[in-house]
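Heads up, here are the entries from TrEMBL:
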type	residues	note
ACT_SITE	B:K79	active site, charge relay system
ACT_SITE	B:S154	active site, charge relay system
ACT_SITE	B:S178	active site, acyl-ester intermediate
DOMAIN	B:24-466	domain 'Amidase'
Amino acid sequence: MSITVKDVQHVAKLARLHLSPEEEALFTEQMNAILQYAEKLGSLNTDDVPPTTHVLHVSNVMREDVVKESITVEEALLNAPDEEDGQFKVPAVLD
Amino acid sequence: MSLFQYRLSELHNLLHDSKISVSELTEESLSAVARLDGDIHAFLTLNEEGAKSAARQLDDKLASGAPRGLLFGIPAGVKDNIVTKGLRTTCASRFLDNYQPIYDATVAAKLRQADAVTIGKLNMDEFAMGGSNENSAYGAVRNPWDLERVPGGSSGGSAAAVAAGEVFFALGSDTGGSIRQPASYCGVVGLKPTYGLVSRYGLVAFASSLDQIGPLTRTVEDSAYVLQAIAGYDPQDSTSAKVDIPDYLGALTGDVKGLRIAVPKEYVGEGVDASVRDTVLAALKVLEDLGAVWEEVSLPHTEYAVATYYLLASSEASSNLARFDGVRFGVRVDDGSGLLDLYHNSRSQGFGPEVKRRIMLGTYALSSGYYDAYYLKAQKVRTLIKQDFDEVFKKYDVVIGPTAPTTAFKLGSQTEDPLTMYLNDILTIPVNLAGIPAVSIPCGFAEGLPVGLQIIGKEFDERTVLRVAHAYEQHTDHHKQRPQL
């Protein structure tokens, strides 16, 4: 199986990236090479093998529900590219 | 005489006896940065005033006789993907060019609690993605042993700063070998602890199930000091392990009599340079002379590790980096055509090529129709790779091999071919997939360039890893060699 420029354009849309035509061509070639290499995993029979999502045996990790100070609005907005009235400002999504 | 000849324990004694002050030690580090970093380019942000101020406070503390922390007065560097309150943290990405964290990562807070002095933030591959440190948006780091060569990645700035003698130790992060491989290329000690031993709270996530913070130092003893200071359960990190922290310094006995070493044939076979292999075999002879025994074993799924890693790490990266959208922090490129375009434009201009490539690969591997074939399959193969280690550790105490198949390569020589670059990490990646600890220590030179010996241990058995590394170091002087700068 090989990846086409059209596939790369679709994945870029999912990944919220604009790619130049040069980047599309380069990524098509490089992703094909990498995925072709990854095909070697297909030669292993893993029918009865459980997946490892995490190496530690921890699950449902919870902290005590304790009320404490949170960060201030000023701190939250310290790195905001744009803000107004204590909120992050973004372009309108509705007319 | 330079203070950089001393180990941390020796510096402690000098400070205790008032032969030096923390301010003098800090000045020594800052002047080394001023003298050397134009060539090395290890630093992205220098914390000159902050470091001097901290040093003065520590000198006052010393004079008052108050109890001193484990890393008292020691100038250190921190990889720039570890957030530091009020100190610019960029991840070597244009995306975070002016990012000022509002909190400290747990390890940054622990350094402060241990009375270390943070000299600055260290260069790296953008978002820790890379094996050469050529992917920094601010320019590559250079290897102190040969300025035409890479220092390794992605903690290249951390390794180079320690090797060059700009700081006395540094923190790095290791997702597929990013502490050990640059340690190997730069001739320093790089420790990747067991996953979960050191808190990842405040580490800008690349691949969350693999990332682990660890120290880069000049000696194994120094490594044990830093690990002692940064290890421990952290309720702010849901992947932090609830384990007792042992005495790492006490493990450095120098005794390896009767130690059982496994040497995987896959780690010394085809693809590993003959000069690297010979250097590693000579190192095994040293351990043998000290009473250890070694045998060749097989880790049969090693050849699948790189493919497994790149599918899993890229998938996790594509998910982790989704938060970089130009809304709450970082680059915003708004051409007035709406919110979706703001996301696209900001990400496209904020991220460099390697980051985009991995986001694309990960998004593809997680996308509808391909999840089972790529992501789930890789998670299953990860189990097989972990089982390989489990099997070997039933009979052996440590696994030993080279850290990297070659010595440091020339800048620009592999940038056109990502797959070849990825294969440099073949000997370090399995350790991250299995979540176990490993250290890279200097074990000699091949054509004037450092070679790293990798010592891999059972999970949470850093004591044995450090004991073996220390025993080797005590009987060799490779770690005392310094680059001519």
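Backbone N, Cα and C define each Cβ position, glycine as well.
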Looking only at DSSP and grouping its letters into three states, which state does B:S154 (active site, charge relay system) belong to?
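The residue in question, B:S154 (active site, charge relay system), is coil (DSSP, three-state).
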What subset of the active-site residues B:K79, B:S154, B:S178 has a Cβ sitting under 8 Å from a Cβ of chain A?
none
Compile a sequence-ordered list of residues in the same chain as B:K79 (active site, charge relay system), six or more apart from it, whose Cβ lies below 8 A from its Cβ; state 'none' when nothing qualifies.
B:K121, B:L122, B:M124, B:A128, B:S155, B:G157, B:S158, B:A170, B:L171, B:G172, B:S173
Over the domain 'Amidase' (B:24-466), what is the model's average pLDDT?
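That region's mean pLDDT is 96.
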Roughly how many Å separate the Cα of B:S154 (active site, charge relay system) from that of B:S178 (active site, acyl-ester intermediate), to the nearest whole number?
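One finds 5 Å between the Cα atoms of these residues.
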Work out the three-state DSSP category of B:K79 (active site, charge relay system).
strand
Would you count the other CB atoms within 10 A of the CB of B:S178 (active site, acyl-ester intermediate), including those on all shown protein chains?
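Neighbour count, Cβ to Cβ under the 10 Å cut-off: 37.
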Tally every other Cβ atom lying within 10 Å of the Cβ atom of B:S154 (active site, charge relay system).
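Taking every protein chain into account, the count is 35.
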